[in-house]
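Straight from TrEMBL, the features:
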- Asp19, Leu20, Asn21, Arg34, His57, Leu58, Gly59, Arg60, Arg116, Arg153: substrate binding site (BINDING)
- Lys203, Gly294, Glu325, Gly351, Gly352, Asp353, Ser354: ATP binding site (BINDING)
Amino acid sequence: MRNLDDLDVKGRRVLVRADLNVPLDGETITDDGRIRASLPTLRALAGNGAKVIVCAHLGRPKGEVKPEFSLRPVARRLGELLGQDVAFASDVAGDGARATVEGLQEGQVALLENLRFEPGETAKDDAERRAFAERLAGLAELYVGDGFGAVHRKHASVYDVPALLPHAAGGLIAAEVDVLRKLTEDTERPYVVVLGGAKVSDKLGVIANLLTRVDRLLIGGGMAYTFLKAQGHEVGGSLLQEDQLDQVRGFLAEAAERGVDLVLPVDVLAATDFAADAAFDVVPADAIPADRQGLDIGPRTRELFAGKLADARTVFWNGPMGVFEFDAFAGGTRAVAEALISSDAFTVVGGGDSAAAVRRLGLPEDGFSHISTGGGASLEYLEGKTLPGLAALED
Ligand code: ADP
Ligand code: MG
């Protein structure tokens, strides 16, 4: 993969695919982590005299122009963080975009409107996607792929445009790939993976692949209940995916065969309802009352997990241990995060909600070796899949 240093960008129009898909409350950006993560590449390009054209998506407007998904608030925030004006194009690749791009001087930055206002961006049909890619590529002379959070998508701006322009990987993608390589090649052991989050079905592929690589797999969060049920325990009203029970039994058997230490919660916070102010008790994981639901791992589990993390050399953590959005059920997630922070291991956090949890709990982001900007993308990489946006940058 070529990187930024291999491109001569001075005076040239460079299209950068960034990941600026931030959470919005109206027009207020509630977490600008992804904008910040895109700054180094944009600064490097502008500093080298490029005319920088940034493209990105926001939410799922499904191929229609929907004002509530406009990137305009992002352009404003990007300008504040860069410390220079960011021109905002009124469309993605039409007259507005062309006019904005023509007005750019060396070192200036423009942001195009939400890529997903164009149906061609996400089209399954190759010709339709390619036609949009040609319009987008027509705005620029060079392409830089830096939207790590979108590289697992076969979308026009990620997959088709790099085939049409000389291209390179931006600093963010280069850094993310570097980290993911350390989790898949010559990984230092003990290698411990902590998985949580809501659904086990989201993470089947990654569990299957990790079982062949890791020394320990700690499972918490909503997905733990499908494992507990698969072991024959009742889980009350906890999150449960009945249709995954066979698959999960297979994982338990495979872990035993391979000698992987698969660790499940031994106690949980069993709540009366799914609510911030729900009453709860700490109960053993094999004795969850029928009218209760597990919303966090319990204190003994927190200690157990911390112990399993203490001597790790490499840790990957994806998915909160409980419903961290409710303060009363954030303790398990905090305990795992703190165990990572105090460990000497190479520690990687993947997953949008896990990264959001770290920030929400006020934990220092630099306490981890790396916080990935792409949840789905990093999981698919760890599943061993080929990611379209990385493949496109290879050749
Ligand atoms: P990530 O984005 O880090 O990959 P996921 O999207 O898989 O994580 O899961 C995050 C969600 O899982 C959070 O919204 C959290 O509230 C939810 N969750 C965690 N534990 C539980 C639980 N015990 N019951 C219900 N939901 C849970
Ligand atoms: Mg999530």
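Cβ atoms are placed via backbone N, Cα and C, with glycine included.
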So how far apart do the ATP binders Lys203, Gly294, Glu325, Gly351, Gly352, Asp353, Ser354 get, largest Cα to Cα in Å?
-> 22
Among Asp19, Gly352, Asp353, which binding-site residues lie by ligand 1, judged by Cβ under 6 Å to any atom?
-> Gly352, Asp353
Provide, as an integer number of angstrom, the distance between the C-alpha atoms of Asn21 (substrate binding site) and Gly352 (ATP binding site).
-> 11
Out of Gly294, Gly352, Asp353, which binding-site residues lie by ligand 2, with a C-beta less than 6 Å from some atom of it?
-> Gly352, Asp353
Densest Cβ neighbourhood among Asn21, Ser354 (binding-site residues), 10 Å radius | Ser354
So which other residues, same chain and not among Asp19, Leu20, Asn21, Arg34, His57, Leu58, Gly59, Arg60, Arg116, Arg153, have a Cβ within 8 Å of the centroid of the Cβ atoms at the substrate site?
-> Ala56, Asn114, Leu115, Gly149, Ala150
One of the binding-site residues Lys203, Glu325, Gly351, Gly352 has its Cα closest to the Cα of Arg116 (substrate binding site), namely Gly352
Can you tell me how spread out the substrate site is, meaning the largest CA to CA distance among Asp19, Leu20, Asn21, Arg34, His57, Leu58, Gly59, Arg60, Arg116, Arg153, in Å?
-> 18
Given the binding-site residues Asp19, Asp353, which one's Cβ is surrounded by the fewest other Cβ atoms within 10 Å?
-> Asp353
Within 10 Å of each Cβ, count the other Cβ atoms, then let me know which of the binding-site residues Gly59, Gly294, Gly351, Gly352 comes out lowest.
-> Gly59
Within 10 Å of the Cβ of Lys203 (ATP binding site), how many other Cβ atoms can you find? Include all protein chains, please.
-> 23
For Arg116 (substrate binding site), just count the other CB atoms lying within 10 A of its CB, please.
-> 24
Tell me, by DSSP, whether Gly352 (ATP binding site) is helix, strand or coil?
-> helix
Measuring Cα to Cα, tell me the gap between Gly294 (ATP binding site) and Gly59 (substrate binding site) in whole angstrom.
-> 30
Only counting partners 6 or more residues apart, tell me which same-chain residues put their Cβ under 8 Å from the Cβ of His57 (substrate binding site).
-> Leu20, Asn21, Asn114, Leu115, Arg116, Glu121, Ala150, Ser157
